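**Q** This is the structure I have questions about; it appears just below.
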Amino acid sequence: MILVVMKIEMKKKSNYNCSSEKAKSVVFGFLPILTWLPSYPLKQYLFGDIVSGISTGVMQLPQGLAYAMLAAVPPVFGLYSSFYPVLLYTFFGTSKHISIGTFAVISLMIGGVAVREAPDSMFAVNGTNASQVVDFEARDARRVEVVVALTTLVGIIQLVLGLLRFGFLAIYLTEPLVRGFTTAAAVHVSVSQIKYLLGVHTARFNGPLSVVYSLDAVFRNIASTNVVTLIIGLVCTVFLYFIKDLNERFKKKLPIPIPGEIIVVIVSTGISYGMVMSENYGVEVVGKIPTGLLPPKIPDFSVFPNLFPDAFAISVVGFSIAISLAKTFALKHGYSVDGNQELIALGLCNFMSSFFHTFVVTASMSRSLVQESTGGHTEIAGLLASILVLLVVVAIGFVFQPLPTTVLAAIIMVNLLGMFKQLKDIPALWRTSKIELAIWLVSFFASVLLGLDYGLVVAMGFAILTVIYRTQCPKNALLGQIPDTGLYFDVDEYEEDVELGVTHEVVAGPKKQMDHVYNNGQMNENHTESDSEDDFFLQRLTPIHTIILDFTPVNFIDSVGAKCIKSVSQQLLFPKKTLEDRLVRSG
């Protein structure tokens, strides 16, 4: 006993001692780049990382511009969000293949908050009538402040959760829940882009039934569709879909994917500039893109109280998306990722970058697949992608000013095809798990109808209820022994297949003459009316030699469970006394 106590005390002291090895372990855990960069194999990895970095960077540019529209901020802020966080993740992240940056689902959630906190009605030049002129410059400036503050808060939440070792939070967002939620987000994103594709001007809606209101607004204004805008959008959509299908079919033969997005951006920008589409045809374009980087600025902390619920939801969703992708690639390539460190990395990326006018980022599925498939081996690929974005922002960002916004809408909608393919989950889940299908459907319809924020809460609540249901209503079966074998089967299921007698005898032993016969667990009553009813029910159904309790699936036993086991033991050891006690207590 003394020896055990001494060992425990020594272990406690070792946990609090600060040795050089422990300090080194803490530093290396916080900065994973120190573990792999010194041994980086230049000859084996560098070329693949360069090709991968350029390919991913080429995708980052148009997606950054496009997803900024979803976030309700000017397009240049999407470029900022494609540089700073990606650069930081190189130092703090543990995944070698995910591409950090803008993502449609997160951008849409951010945009909902920005529109709610800074609606058009706040910036009407002559009163609050929606038909009057809106001061777009003042509105966009305020929305940027709100989005930056939201990003700061998201970073703080993720950082704190990571330091508190809350990386396990992702397990509460089950795969059916996340896939149903992201499919619903794809519906929201698609609906929000229809007006850009058609060139009509409608208000942006947020909250419950926002999808219905958005569609209603588009159909009410469909007569004002800009035909040139629609033609450009449809041509770009068809071209991008064709390139995406081509890349998928010939991905084993192509050294790198065909960069369809950057091709349509460059070509459409050139055509728009040459034909002066903004002035001659009324085509809406990206507009002013300032050259260079903006100086750092402290976020507006006064809006934090209004943003906390949204920030927490975005924090959890963003981390869940990133960690699921990171674990997928880690399993494929044989390395491990640290969930807690990923939380810290995302928190630092969002928090530190927010001072440089970025919005919340997470991992992108499409870019991550490109980064991995084009030969990316380490985070160096992401670093090179961020440098490519930086060169564009600093040197040639103004070139994209004539880019039609309908092209960005086409890019967004084509990139959502992968999410809509998740609808195939429905028949698969119907065959495998009805409960998981219910989670998927509730997550989808709640998020579509109530909005992504309320939908996520409802989906998580329903998922927890299913866990409670499955815990409280487990499947149980009465096992019977097949005669002359050591096999035990579910009595009901076995009877459906084979008409054989199944006995409940646990072990072979001397057979006892009994007044009733058992057939497959069912008792045939052969007693006479003169028999005492109590004596009849006090008889054991079978000869009992040993009771084995299999507690393999039991995680813990509380006081109620202990009392239940004690009660069962007493009933088996002293069945007559136990029943008599029950009869006395019941009156």
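Every residue gets a Cβ built from N, Cα and C, even glycine.
Straight out of TrEMBL:
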- 538-587: domain 'STAS' (DOMAIN)
- 65-91: transmembrane segment (TRANSMEM)
- 98-115: transmembrane segment (TRANSMEM)
- 146-173: transmembrane segment (TRANSMEM)
- 218-242: transmembrane segment (TRANSMEM)
- 254-276: transmembrane segment (TRANSMEM)
- 311-331: transmembrane segment (TRANSMEM)
- 343-363: transmembrane segment (TRANSMEM)
- 383-416: transmembrane segment (TRANSMEM)
- 437-469: transmembrane segment (TRANSMEM)
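What's the neighbourhood like for each of these?
**A** In the predicted model, the domain 'STAS' (538-587) has a mean pLDDT of 68.
Distant neighbours of the transmembrane segment (65-91): 31-33, 99-104, 107-108, 110-111, 114-115, 140, 143-144, 147, 189, 192, 196, 204, 265, 286-290, 293-294, 345-346, 348-350, 352-353, 356-359, 361, 379-380, 382-383, 385-386, 389-390, 392-393, 397, 400, 403, 405, 408-409, 411-412; these residues of the same chain sit at least 6 beyond its ends, with a Cβ under 8 Å from one of its Cβ atoms.
Note on the transmembrane segment (146-173): residues 71-73, 77, 110, 113-114, 117-118, 297, 299-301, 303-304, 307-308, 310-312, 314-320, 323-324, 338-355, 357-360, 460, 463-464 of its chain, located 6 or more positions outside it, place their CB under 8 angstroms from a CB of the stretch.
Beyond the ends of the transmembrane segment (218-242), by six or more residues, the same chain brings 194-202, 260-261, 263-264, 268, 277, 281-284, 404, 406-407, 409-411, 413-414, 417 to within a C-beta distance below 8 angstroms of the stretch.
Outside the transmembrane segment (311-331) by six or more residues, the chain places 94-98, 100, 103, 105-106, 109-110, 150, 153-154, 157-158, 161, 167, 169-170, 173, 175, 178, 181-182, 337, 339, 342-343, 346, 360-363, 365, 368, 372, 452-453, 456-457 with a CB less than 8 A from a CB of the stretch.
Same-chain residues lying 6 or more positions outside the transmembrane segment (437-469) and placing a CB less than 8 Å from one of its CB atoms are 105, 108-109, 112, 172-174, 176-181, 183-185, 187-188, 206-211, 309-310, 313, 317, 425-426, 429-430.
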**Q** Grab the same-chain neighbours of the transmembrane segment (383-416) for me: Cβ-Cβ under 8 Å, and only residues 6 or more beyond its ends, written as numbers and ranges.
**A** 49-50, 52-54, 56-58, 60-67, 69-70, 75-76, 79-80, 82-84, 86-87, 90, 99, 104, 186, 189-190, 193, 196-197, 199, 229-230, 232-234, 236-237, 240-241, 244, 261, 264-265, 268-269, 272-273, 277-278, 283-293, 366, 371
